[in-house]
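Engineer: What follows is a single structure, and I will ask about it in a moment.
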Amino acid sequence: MAPGAPSSSPSPILAALLFSSLVLSPAQAIVVYTDKEVYGAVGSRVTLHCSFWSSEWVSDDISFTWRYQPEGGRDAISIFHYAKGQPYIDEVGTFKERIQWVGDPQWKDGSIVIHNLDYSDNGTFTCDVKNPPDIVGKTSQVTLYVFEKVPTRYGVVLGAVIGGVLGVVLLVLLLFYVVRYCWLRRQAALQRRLSAMEKGKLHKPGKDTSKRGRQTPVLYAMLDHSRSTKAASEKKAKGLGESRKDKK
């Protein structure tokens with residue numbers, strides 16, 4: 001290399017920065033959420049909810065996979081797969097005619113429904129989500145318990161949830177009617193005030209008329225008095241004139 005020529009090798013500092021950006025800034029892991037436990041009665045259906053959080057936008061290549069491990073079993077089998085916008089039900093196992101896709105990737109929902117539950121469905125279901133390029137993360141598991149009847153504990157929880165929702169609805173309705181009652185009451189008071197003002201305007205001309213009615217006799221009396229005074233003056237003047245003529 002000739003003296004004074006610029007070096008073509010990268011700066012050691014720049015190389016270190018590039019290395020640290022690649023090593024120390026990995027993509028955030030995807031996070032999958034499911035219920036811990038779900039309960040169902042024999043012959044009924046149950047929804048296995050699955051949602052996720054990802055640092056990336058929902059990809060067209062997003063995929064959901066459900067696996068099932070029977071109660072007491074050691075191996076898990078794939079029972080459902082969603083990819084390229086299409087759901088696929090695996091032919092292996094007893095769920096092939098009982099699974100229904102109810103999820104929506106745009107809402108980050110990968111839920112499925114299992115129909116016609118049976119005791120043999122007891123076990124653990126695993127939801128796995130891949131949202132390229134965000135594909136690193138842990139799966140989430142939900143345990144299904146099938147009974148002849150839904151357990152009381154589950155019924156109590158469900159009843160509490162329904163009761164809470166109904167309570168909120170009733171509270172909103174009560175608040176609506178209270179606000180409406182106050183508004184109607186205020187409108188009625190305003191209407192009464194406007195009516196009173198209108199009546200006051202109508203009564204004012206009547207008061208003026210009554211005043212004029214009281215003033216009219218007084219005016220007539222004053223007019224009669226002036227006329228009588230004038231007549232008396234004229235009569236007196238006429239009498240004086242006649243008396244002067246008599247003296248002459």
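Placed from the backbone N, Cα and C atoms, the Cβ positions cover glycine too.
Annotations per Swiss-Prot:
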{"type": "SIGNAL", "residues": "1-29", "note": "signal peptide"}
{"type": "TOPO_DOM", "residues": "30-153", "note": "topological domain 'Extracellular'"}
{"type": "DOMAIN", "residues": "30-143", "note": "domain 'Ig-like V-type'"}
{"type": "DISULFID", "residues": "Cys50-Cys127", "note": "disulfide bond"}
{"type": "CARBOHYD", "residues": "Asn122", "note": "N-linked glycosylation site"}
{"type": "TRANSMEM", "residues": "154-179", "note": "transmembrane segment"}
{"type": "TOPO_DOM", "residues": "180-248", "note": "topological domain 'Cytoplasmic'"}
{"type": "MOD_RES", "residues": "Ser210", "note": "phosphoserine"}
{"type": "REGION", "residues": "222-248", "note": "region 'Disordered'"}
{"type": "MOD_RES", "residues": "Ser226", "note": "phosphoserine"}
{"type": "MOD_RES", "residues": "Ser228", "note": "phosphoserine"}
{"type": "MOD_RES", "residues": "Ser233", "note": "phosphoserine"}
{"type": "MOD_RES", "residues": "Ser243", "note": "phosphoserine"}
Engineer: Counting only residues 6+ apart in the same chain, whose Cβ is under 8 Å from the Cβ of Cys127 (disulfide bond)?
Structural biologist: Val32, Thr34, Leu48, Cys50, Phe64, Thr65, Trp66, Gly110, Thr139, Ser140, Gln141, Val142
Engineer: Taking a Cβ cut-off under 8 Å, which residues six or more beyond the ends of the transmembrane segment (154-179) line up next to it in the same chain?
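Structural biologist: Contacts of the transmembrane segment (154-179) (Cβ under 8 Å, skipping residues fewer than 6 from its ends): 39.
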Engineer: What are the sequence-distant neighbours of Asn122 (N-linked glycosylation site), meaning same chain, six or more residues apart, C-beta distance under 8 angstroms?
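Structural biologist: Result: Pro70, Glu71, Leu144, Tyr145, Val146.
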Engineer: For the domain 'Ig-like V-type' (30-143), DSSP counts of helix, strand and coil?
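Structural biologist: Counts, helix then strand then coil: 6 helix, 60 strand, 48 coil.
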